[in-house]
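Note sheet for the following structure.
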Amino acid sequence: MKRSLRGAKQISNSILSAAKFLKQDSLVLWLNMEKFSASEHPHLRYNPLRDDWVVVSPHRAKRPWQGQVEKKAVEDVPRHDPKNPLCPGVTRPSGQVNPDYKNTFIFDNDFPALLPGGPDPPKSDDPLFQAAPAHGNCKVICFHPWSDLTLPLMEVGDIKHVIDTWANEMINLGKINQWVQIFENRGAVMGCSNPHPHCQVWASSFLPNEPSVKHRTQKEFKEKYGKPMLVDYLEKELAKKDERVLLESSHWVWLVPYWATWPFETMLLPRRHVLRLQDLTDDERNDLAQMMKNLLIIYDNLFEISFPYSMGWHGAPTGKYLEEDCSHWQLHALFYPPLLRSATVKKFMVGYEMLASSQRDMTAEQAADRLKALPRVHYKHKSDQ
């Protein structure tokens with residue numbers, strides 16, 4: 001009898017222990033038994049261009065938001081503002097007077113980050129206190145004389161003129177600089193202080209961090225697989241175009257990269273192998289002008305605002321690299337928009353992102369679905385239909 005009671009007690013204790021275990025870890029057990037879904041479960045995605053990883057946490061998009069909100073972009077920008085230093089006929093802080101320009105206008109940045117001359121820092125034998133020379137040229141390119149326009153609202157011919165200007169600056173500045181970075185910061189939330197269609201060009205005597213990493217990763221990929229990384233990548237994306245491809249034209253493809261970090265990050269790629277912006281044919285430039293207008297209309301339609309972003313071109317480096325084999329490179333443009341949930345809620349790259357790893361709250365495929373569903377007519381022109 002005593003043995004029976006002891007056995008029963010042991011069985012009872014085992015059942016209670018199992019129940020306690022199941023109560024505490026039932027969620028973990030359930031998650032381990034469930035089949036993986038990219039749109040539901042956290043996972044890592046590898047960025048072969050940057051040789052790093054991004055944490056994808058799609059379930060976090062469901063959390064309530066009570067944090068900071070941004071002001072909506074001002075829509076009623078005057079066509080000409082005598083106080084705006086980018087407008088025709090206005091005197092800039094340098095004392096220079098802008099000409100009465102009719103299309104693009106280029107001038108040396110009045111507050112450049114790099115200068116073409118100047119003394120170099122002394123060399124140091126201490127590995128913890130290293131410095132190196134940094135020279136270059138910084139320019140501003142105004143896209144159009146009217147301040148109330150942005151690229152998606154400009155005529156295709158005017159956008160083509162911008163592209164030709166980009167290519168010419170790449171040639172001229174690339175003769176003496178290792179890297180020529182063309183970039184546009186659009187919107188006050190991205191640090192743009194002048195509401196006027198324009199971009200910047202920073203040409204440097206050195207290869208900056210981002211292109212330096214891409215120079216290495218693309219070279220290693222081509223040596224290992226025999227094909228430029230982004231040429232191979234585009235072929236594979238086009239084979240499953242329902243997933244992340246947004247727009248296609250005769251010469252260009254716009255898509256959300258599989259490894260995208262920013263909520264609505266996208267990449268623009270030429271269909272053929274092209275090293276640098278200046279290598280584009282006239283047909284490819286014309287097609288690019290139309291493609292850029294189309295893709296930026298979609299961006300604006302997402303939250304029906306002038307969509308903020310930082311964008312820029314990456315291609316093979318210049319200067320001494322013009323004489324080297326750079327066939328591992330493929331020209332591409334990157335768009336990094338900060339907005340996440342609405343016109344006033346942006347993605348903050350803080351905390352974990354700054355201290356550990358980049359993280360995003362939706363998958364690249366979910367972002368692509370949102371963008372693909374948007375109308376192709378600019379929201380400001382709806383009444384014209």
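Every residue, even glycine, has its Cβ placed from backbone N, Cα and C.
Annotated features in TrEMBL:
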type	residues	note
ACT_SITE	HIS198	active site, tele-UMP-histidine intermediate
COMPBIAS	69-83	compositional bias 'Basic and acidic residues'
DOMAIN	35-208	domain 'Galactose-1-phosphate uridyl transferase N-terminal'
DOMAIN	215-382	domain 'Galactose-1-phosphate uridyl transferase C-terminal'
REGION	64-94	region 'Disordered'
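Each residue in the domain 'Galactose-1-phosphate uridyl transferase N-terminal' (35-208) has a pLDDT score, and their mean in this model is 91. Non-local contacts of the residue listed as 'active site, tele-UMP-histidine intermediate' by the CB criterion (under 8 A, 6+ apart in sequence, same chain) comprise LEU86, VAL140, ILE141, CYS142, PHE143, GLU184.
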